[in-house]
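What Swiss-Prot annotates here:
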- T120: phosphothreonine (MOD_RES)
- 142-201: region 'Disordered' (REGION)
- K196: SUMO2 cross-link (CROSSLNK)
- T248: phosphothreonine (MOD_RES)
- Y253: phosphotyrosine (MOD_RES)
- S264: phosphoserine (MOD_RES)
- 524-574: region 'Disordered' (REGION)
- R524: omega-N-methylarginine (MOD_RES)
- 542-574: compositional bias 'Low complexity' (COMPBIAS)
- 611-678: region 'Disordered' (REGION)
- 622-632: compositional bias 'Pro residues' (COMPBIAS)
- S626: phosphoserine (MOD_RES)
- 633-646: compositional bias 'Low complexity' (COMPBIAS)
- S634: phosphoserine (MOD_RES)
- S636: phosphoserine (MOD_RES)
- S653: phosphoserine (MOD_RES)
- T660: phosphothreonine (MOD_RES)
Amino acid sequence: MAEEKKLKLSNTVLPSESMKVVAESMGIAQIQEETCQLLTDEVSYRIKEIAQDALKFMHMGKRQKLTTSDIDYALKLKNVEPLYGFHAQEFIPFRFASGGGRELYFYEEKEVDLSDIINTPLPRVPLDVCLKAHWLSIEGCQPAIPENPPPAPKEQQKAEATEPLKSAKPGQEEDGPLKGKGQGAAAADGKGKEKKAPPLLEGAPFRLKPRSIHELSVEQQLYYKEITEACVGSCEAKRAEALQSIATDPGLYQMLPRFSTFISEGVRVNVVQNNLALLIYLMRMVKALMDNPTLYLEKYVHELIPAVMTCIVSRQLCLRPDVDNHWALRDFAARLVAQICKHFSTTTNNIQSRITKTFTKSWVDEKTPWTTRYGSIAGLAELGHDVIKTLILPRLQQEGERIRSVLDGPVLSNIDRIGADHVQSLLLKHCAPVLAKLRPPPDNQDAYRGEFGSLGPLLCSHVVKARAQAALQAQQVNRTTLTITQPRPTLTLSQAPQPGPRTPGLLKVPGSIALPVQTLVSARAAAPPQPSPPPTKFIVMSSSSSASSTQQVLSLSTSAPGSGSTTTSPVTTTVPSVQPIVKLVSTATTAPPSTAPAGSGSVQKYIVVSLPPTGEGKGGPPSHPSPVPPSSSSPSPLGGSTLCGGKQEAGDSPPPAPGTPKANGSQPTGPGSPQPAL
């Protein structure tokens, strides 16, 4: 084997006769032998070099077979024009034949039988061309039908943008990974038979990112034209509709490259022309694109960030900087940059750190104009309290001296004075809330002046305002409102039947005091029926001027004239501290003759109306009940109780039978009965 290898290595040099043949074909005769030998050595070396480079390309492609494209790449590497026309989609299987002392490699072509071609049946006739209509959109929404493409979800957009090798087209999931060039030939030769080639011959599968061509349909082109014209046009109503469409439409994924290019080019042109209105419109387009939850903008941030940063730190954005409000555009663009950093900044791209360095560099420079200085401070302040604490607060003293030199010094330029005033207002606006959280109260102007220089007194006053505003907001958050809606409760006191007419005592309590419905029954021993006057009823109420709730005892005392005993039925309830007003209503009613015994009497109703105590408004918060244990040894257990009673008034008719009150707790009142009020 070693001898054969040495023999093959010795035969790799071309014979010198080949050089003579080539020279004769070119019209050069009588070439010397030494010249042919030198040419043979040089050509052999060049061929070996090209072959080695072609093998390198083959190994880099992870293939086991050398192709003509590898030879072409090797020739291009040597600055040699490659050979054209020797390309094939598949590997060409050359066959070897020898005879007559010669060796020949040839490509074996397939023999075709004409009878097979003639007898082959004709293919099916294709279908005729037809037109079919379907809805592109219904009231601005694309219907989910097979003819309409589904909108690409945000996850798929992110995967295509960040991991192109893992993303696949809709028809490639079933086919699996892309195949090498040799796999298709192996499958064709197998004719349906499953052949698994060795991995050394096939190579590892690889996937290339397909070239994405952003081709818009006619409808999308028309939509893009209308949207861009409306966003930068003069009609505010159309502009609002266009921005709303950009912020909510889920089918703008294919038009994102156009929109980002439109915004970046528009900012570049209008900054040179100092067109403030168009710059504002373009920034509103950026805001609408970022508000759309279905769009993934990370692939286009490299175009949007320079456009937004230009509107922040540009030296001049309008024709009249002393009159036009370009400060609002800088503030709006600074908020956009902060939103971009919040959504797209990662540890890989470091968007926020790079933007922070840009703002800091332009702010620290002594030659920076006041407009650029304002934009840099606004951009840093919108990035959060940590950036303010780290980068802005340490430079407040230097910036305050620069502002004071412009405001208090000789008037050099009105634009500089206006810019310094805006920078001072911006610093006070953003630094005061941070200082209110960092520094403990109280706030001393001398301490602020010593730490922050000329801005110290103004900062101190703004910090005091920030503390007061924060306390007011906390008080508003902690304030609670309790609304209780309950039906009006009714307390009915009834007694068992006794000799003589008896009437139940009815106590009405307002709906603001939640009293449970309770029924008290006082049983007495039976006595011979005899006419007797109506009993006297007393309601003992306790009132207190304090704000706390108390426990009140309602006692019903009934005394009969013919007996020496008194029955007391206490009812304990917890109500808020109120000052009651007792109203005595005397009512004369007529009962059916079959149920009422002979005799005359009157009904006395005590209506208790609770009012707030003296010094308490109507809108005060309700008091929480704090029950106090009552004493059962006295009808009036609480100090300061008021005994409310009334004189008996004779009625025109006997009272109704006991135990038959109205359903709503009221008794029928005659038209002629007096109603005195206490």
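The backbone N, Cα and C atoms fix where each Cβ goes, glycine too.
Remark: of the modified residues T120, T248, the most isolated position is T120 (fewest other Cβ atoms within 10 Å of its Cβ). Of the recorded residues, T120 (phosphothreonine) and T248 (phosphothreonine) place their C-alpha atoms 57 Å from one another. Taking the Cα atom of each, T248 (phosphothreonine) and S264 (phosphoserine) are about 22 angstrom apart. Long-range Cβ contacts of the residue listed as 'phosphotyrosine' within its own chain (separation 6+, distance under 8 Å): P151, A152, Q157, T294, L295, Y296. Note: S264 (phosphoserine) has non-local neighbours E303, L304, P306, A307, i.e. same-chain residues 6+ apart with C-beta under 8 A of its own C-beta. Following the DSSP three-state reduction, the secondary structure of Y253 (phosphotyrosine) is helix. Reduced to three states, the DSSP call for T120 (phosphothreonine) is coil.
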